[in-house]
Amino acid sequence: MALFEEEMDTSPMVSSLLSSLANYSNLPQGSKEHEEAENNEEARKKPVKAPRMGTFMGVYLPCLQNIFGVILFLRLTWVVGIGGVMESFCIVFMCCACTMLTAISMSAIATNGVVPAGGSYYMISRSLGPEFGGAVGLCFYLGTTFAGAMYILGTIEILLTYIVPNAAVFKMDGLEGAEAENAMLNNMRIYGTCVLSCMAVVVFVGVKYVNKLALVFLACVIVSIISIYAGVIKSAFDPPDFPICILGNRTLIWKDFDICAKLVEVGNETVTTKLWRLFCDSPFLNATCDQYFTVNNVTEVQGIPGAASGIITENLWSNYMDKGIILEKKGEESVSSDEGTPSFTKNYVISDMTTFFTLLVGIYFPSVTGIMAGSNRSGDLRDAQKSIPIGTILAISTTSFVYMSSIILFGACIEGVVLRDKFGEAVNGNLVIGTLAWPSPWVIVIGSFFSTCGAGLQSLTGAPRLLQAISRDGIVPFLRVFGHGKANGEPTWALLLTASICEIGILIASLDAVAPILSMFFLMCYMFVNLACALQTLLRTPNWRPRFKYYHWTLSFLGMSLCLSLMFICSWYYAIVAMVIAGCIYKYIEYRGAEKEWGDGIRGISLSAARFALMRLEEGPPHTKNWRPQLLVLVNVDQDQNVKHPQLLSFTNQLKAGKGLTIVGTALEGTYLNNHLQAQRAEQSLRRLMEAEKVKGFCQVVISSNLRDGLSHLIQAGGLGGLKHNTVLVGWPRNWKQAEDHQTWRGFIELVRETTAAHLALLVPKNISAYPSNQERFTEGNIDVWWIVHDGGMLMLLPFLLRQHKVWRKCKMRIFTVAQMDDNSIQMKKDLTIFLYHLRINAEVEVVEMHDSDISAYTYEKTLVMEQRSQILKQMHLTKNEREREIQSITDESRGSIRRKNPANTRIHLTVQDDQAEGSEEKPEEEVQLIHDKNAAPTPASPQSPAEEAETPGEKVHMTWTEKFTGDKNKGKGPSTPEGIKDIFNMKPEWESLNQSNVRRMHTALKLNEVIMKKSQDAKLVLLNMPGPPKNRTGDENYMEFLEVLTEGLNRVLLVRGGGREVITIYS
């Protein structure tokens, strides 16, 4: 192993790693169930015991206990009676199919690696990311909490209705209608609050006792179900005696009478019964009785005719009813009375709610929840990857068989009106499902009571731990307080919150109203489990290797669709509320939550979508309508890797109304092996600054042997595929004159050439330190655009984008253009106004007319200084101080010459002709005019050297400027005459040897700067066409001077070069 001995510190040998890999447990903080020893120092020192539970004890039985619950005992018979056997079977089949498909998806996720005891929250969060995980985890927590409320309400209903009815605080005797209903709800609220408090105390004091009693509660459930099947078998040959009394076809409450008859024979005398006294005003035969009671007969019918009776044919179809309707038996004769509204309604069994198919789905669905019980205990299983799929699917298969068979057996054994009797009032107040049980109804009553108590305790035990797991993951900041607990890890604060939310369900007080609420949250959880499995399968991520092989993305997609459909079938408004809650939690986690990288499927979707989009972008360049500035921002960093001019990123943020790509790049000098740490620090610095300036994009740091090549690499290699930058933003090199060498300005000029060659737009903000920050606001002012040459529309688009930002929003846009010698300036202004109207851009338009005048002495002197300095810097190798002294001496000498030869009161005159100017007026001589070749193409161009003009005459933009000088008052002849020009040349013989191209360019820069200063000196920002550098590189030394003169005296200038394509269009 000598080959690897230097890497042993970072890469240990496999032999030493295998032991830890085999016993790997990636338990997230806070998700270990019960966590008795999480924060106990002594317990930490003890060796962790290996899980001992297998499939049967660890998964199968817990799932059975959680799936079988209050709905089976209290509402399943009623669902069959209202919906009929056929529709009830469809409801049960849909719900069981939903949970089975979810179990298949869950098994695939649970066997794809080690799943800690985090249940569905862990699986969803690690599969779909922290946003989905937190949102659905909290929904699952709310569902579990409301399930606790439902179980407690079921417990109270069993207690007050079937065990000790006399214990009610609000007596219901003699009450009917809304009064009786309110009394019942108030009893549920009082007793529910008391039971909730007791259960919360039990969970707080010792959760281990709850876990020990779980098997006892499960035994009660199993015994109850066995007794039901035993009763069905017995009813086939010996039906139990549970008579019901029918008046006409109306079902009577068997409560205050003992015989189902009006009159009985006692000896030889006919006497009235207790039933008579319920409908008549006296016990005598001549008493005044209810008309319906008088004209209809009383019939006694067996409530449990038995499996061999054929009653199933009457119970096949639905019997939906409105609230307040009396339960009527089909097939019984009834003589209707003349009275409109039935009287003595307190003696009849009445529907307590309006029923319909979707209501039954919402009420029934909680009876199939609880399939996550096995995955919640995965940390305690001997082999979770084997036990979870087998145990969960077997439990669902068992419960599905029980539910489906129960639907058929109830319909075959129990009379229809008894099935529709929710509280068993027609069978002397017995639990309806208990009337079918053998040997006694009390087996079901006691068994259901203890099972609902146990289920409520389990909910109050599991929900706080789920909340604690979410809190300790740290993805929801405001929930962090609930991650704390007692010294042994018990979630005290989470239990308090759970009890408070559970109390909301208790105050609702109706089991039928609470059931659809928790159905929404469970269905949403199951939907995202299916979505997670489908996504992982379709994305084919390398880590997706579940041991459970019997899954397919179509099954997961079907399960997800079924869950979503059931949500809206149960209750569309509850579904919308649940989705809004989940959406709010999702957006909260997205904006305020902690950043978590769990390798989730949403990142995989992002990668796949990005790849697809990039491949689509490769198909061709974007249309002009879709063009937006994709910025590459080039910044400089100091020795500490901090950005020198952060205002560049502020300006970038202000330009990002286009919502395009942003890449912030910088280059470091050196080699990657020696400077990669500095590159990392620079990248972190860029990220911090981007975050501070709210610039959304990417950063890139390149290390190269020299900075020039590094910037070139960024321009060439930035972006990916079709998502590349089309605009380069770089700051103006402020101190280019004082640089120790020529690399600063030479690098800048080469960068301009490279962007032109790459057909990239270039933005160069000058005086960047004067640019506003993102916190500043301009309350007034102008953004001035000087449109000298056509650049594809960049000069029009950039001010529009800037004005979308709050910094520049109140600034007005002005566009200045220059009229050529033979142009009609009035018509130009009209045409430009129409053009801007079609572009949907609001701006003031002004056309500047400039006429020919001679070149001034000042222009010649400035050109001479520039050329002499360039020549000296080329030929002499001086130190920095000597070079500065030499430049200063040349400058002083030139200034002295100008003072001698040029009068002190030299004035520059410029007249701008407005639309109102009369054409017959004679224009003064102090005018300047731009001559633009009429054959010039509408592409960015600049003044060229004479050689270039000869080569490309059709593409040149030739700007010549002349000016008149006024001398002393005693001087009679003006220099604008040929003699005057000759005198000027006689003043300084060196002028004759100057490069005339440089003279013309300097003259152009001076005159254009004078025009801009006159019009735009107070503008908040000036946008100006940026001339291109000379192609032959002989004039590089002078190019920076031309640009400096062009922008001299302006506060904020943005030099713009187009990328050679149209970026703005008048079409929609």
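Positions of Cβ are set from backbone N, Cα and C atoms, glycine also.
The compositional bias 'Basic and acidic residues' feature in TrEMBL is assigned to 31-45, 879-896. The feature compositional bias 'Acidic residues' is assigned by TrEMBL to 915-928. The compositional bias 'Low complexity' feature in TrEMBL is assigned to 936-947. Summarising the annotation, TrEMBL assigns domain 'Amino acid permease/ SLC12A' to 59-232, 342-632. What TrEMBL records for 646-763, 775-909, 1000-1068 is domain 'SLC12A transporter C-terminal'. The region 'Disordered' feature in TrEMBL is assigned to 26-46, 879-955, 963-982. Annotation comment: TrEMBL describes 59-78, 90-115, 135-164, 190-207, 213-232, 353-373, 393-414, 493-511, 517-539, 551-575 as transmembrane segment.
The stretch from 59-232, 646-763, 1000-1068 with the most CB pairs below 8 A to the domain 'Amino acid permease/ SLC12A' (342-632) is 59-232.
Long-range neighbours of the transmembrane segment (90-115) within the same chain, counting only residues 6 or more positions beyond its ends whose Cβ lies under 8 Å from a Cβ of the stretch, are 24-26, 79, 83, 122-123, 127, 357, 360-361, 364-365, 367-369, 371-372, 375, 378, 384-385, 388-389, 392-393, 396-397, 399-400, 403-404, 407, 523, 526, 529-530, 532-534, 536-537, 543-548, 550-551, 555-556, 558-559, 562-563, 566. Between the domain 'SLC12A transporter C-terminal' (646-763) and the domain 'Amino acid permease/ SLC12A' (59-232) there are fewer than 3 Cβ pairs closer than 8 Å, counting only residues 6 or more apart in sequence, so the two stretches are not in contact. Sequence-remote contacts of a segment are chain residues at least 6 beyond its ends whose Cβ falls under 8 Å from one of its Cβ atoms, and for the transmembrane segment (213-232) they are 61-62, 64-65, 68, 72-73, 240, 307, 402, 406, 409, 413, 433, 436-439, 443-444, 446-448, 450-451, 453-455, 457-458. DSSP states for the domain 'SLC12A transporter C-terminal' (1000-1068), grouped as helix (H, G, I), strand (E, B) and coil, give 28 helix, 10 strand, 31 coil. On the 0 to 100 pLDDT scale, the domain 'SLC12A transporter C-terminal' (1000-1068) averages 79 in the predicted structure.
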